[in-house]
Amino acid sequence: MLDRLVLALLAVLSVPYALAVRLRALAYGAGIFRVKQLNRPVISVGNLTVGGTGKTPMVALVARLLMARGKRVAVISRGYGGSLEGKTHIVSDGQRVFLSAAEAGDEPVHLATAVPGLMAVIGTDRYAAGLLAQERLNPDVFILDDGFQHLRLHRDLNILLMDCSAPLGNGMVLPAGLLREPPLALKRADLVVYTRCTGAEAPAVHGAIPSCRAGHVLAGVELLPGGERQPFTALYGRRGVAFAGIADPDAFFASLREEGVDLAATVSFGDHCPYGEEEVARLMAARRTAGADFLITTGKDAVKLGPVLSRLGIVYAAVLEMSLMDPKPLETAIDKVL
């Protein structure tokens, strides 16, 4: 009974929220709110729901596709969770990474580290961050990370990611559901990419919008810091403790087990969690209790371990990549922008 009352209250609260975000989108569409435009093409990657749909590996995939076409690529990120959040800074010029994850947030630092040659800037004002990149880095094209709701910046290609198993969550907007906007916002997308697909046909919520399917692939492990990529078989015969501070840690742990990694224990932290004394203590206690030989985590978590890494013993980072099952729609959409 109590659960129903709570859900009913959340549903009531969802109404003004949905109305507010819908009116905001309409105001931008009608020109009441000004949309600013950079003088380079902008490709936005975002989603309708909160939580993990694979934005970071998708940004990396799009960046690699663009770079394979000879383009200089810069990612514009908010810098969420970093001490410099709200300020405009260059994270990487494609050769060097200037800021730590503690300063710039885990996602831009992870992307700049994982994709050689990728430039990255941060700023709450993504237009100002883009102007800084144009002046200092001279990119050919921008990728706007988590940009579907950042309507203030014009984009030439609007890529929307949707989880294959639950593309609209429970169909309700925050706080009763997972949707950041009402489902009508889907119409702003130029391309829908269904993520976490396992081979089955994707749902058909995209209507006439071009779509493709993608799956998450663990491509191996790297011994920290800076080790070469190895297959998961390098871990066979040993027991590990997996940990993650991401939106869906359980999916990460399940993927490791599917790769044959013997996990003696798992430890979940909050999304974008910084690693300090409390987190180190939890990890070391879990490792001792389980009698594990190593720790293993995500690439996004790995970039935050620098100050504490030497205290954790043997630590591996799993390499997560996005694999397209039908790449043609994405490649066609990108080529139209260039």
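Glycine is no exception: its Cβ is also placed from the backbone N, Cα and C atoms.
What Swiss-Prot lists as ATP binding site is THR49, VAL50, GLY51, GLY52, THR53, GLY54, LYS55, THR56. A 10 Å cutoff on Cβ-Cβ distances gives GLY52 (ATP binding site) a total of 20 other Cβ atoms nearby, all chains included. In the three-state DSSP scheme, GLY52 (ATP binding site) falls into the coil class.
Its Cβ placed at the centre, LYS55 (ATP binding site) has 21 other Cβ atoms within 10 Å. Minimal Cβ crowding within 10 Å, among the binding-site residues THR49, THR53, THR56, is found at THR49. Ranking the binding-site residues GLY51, GLY54 by the number of CB atoms within 10 A of their own CB puts GLY54 at the top. Sequence-distant neighbours of VAL50 (ATP binding site) (same chain, six or more apart, CB under 8 Å from its CB) are LEU174, LEU178, ARG180, ALA247, listed in sequence order.
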